[in-house]
Ligand code: DAT
Ligand code: MG
């Protein structure tokens, strides 16, 4: 099984709250390899490409605004089954109901309707990972 790569983002809420180190510690403890890492302030065009699948949904505009509210940390992450594995570390989308022990479950706060403030992004398939890595790196 060849080593897989995924795109991880520590989103603006994670960076602003000083949780980048705690999140990286979990990623490294799991044994995944940091291939590349950078602090990014994405413009709208970059985010429109990244979130193209969500265009037209009610949370799309607030999501883009949130993602432009401050820097994110973009990570090219490698490891065996890292796409599925990182999403397992991250927990489910809504931080209120994400399981304890996950990044979103342990650090995510109840933001009411602001589900978008859930600390991290992880690609959801090999196709998404290839597409998203090309956008951010
Ligand atoms: P995930 O980030 O778990 O892959 P997703 O791809 O379905 O989730 O959605 C992308 C982001 O959009 C997600 O991290 C937070 C936001 N989002 C998703 N569903 C939402 C909703 N119902 N209300 C507000 N924001 C939402
Ligand atoms: Mg997604």
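Yeah, the Cβs are placed from backbone N, Cα and C, and that goes for glycine too.
The annotation domain 'Nucleoside diphosphate kinase-like' is assigned in TrEMBL to 3-137. If you take every residue in the domain 'Nucleoside diphosphate kinase-like' (3-137) and average the pLDDT, you get 95.
Under the three-state DSSP scheme, residue 87 (ATP binding site) falls in the helix class. The ATP binding site annotation in TrEMBL covers 11, 59, 87, 93, 104, 118.
For the recorded site, residue 121 (active site, pros-phosphohistidine intermediate), the DSSP three-state label reads strand. Residues or ranges marked as active site, pros-phosphohistidine intermediate by TrEMBL: 121.
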Determine the C-alpha span of the ATP site listed in the record, that is the greatest distance between any two of 11, 59, 87, 93, 104, 118, in Å to the nearest whole number.
21
The domain 'Nucleoside diphosphate kinase-like' (3-137) - residue tally per DSSP class, helix then strand then coil:
58 helix, 26 strand, 51 coil
Checking the binding-site residues 11, 87, 104: which ones have Cβ within under 6 Å of ligand 1?
none
Run through the Cβ atoms and count how many others sit within 10 Å of the one on residue 121 (active site, pros-phosphohistidine intermediate).
24
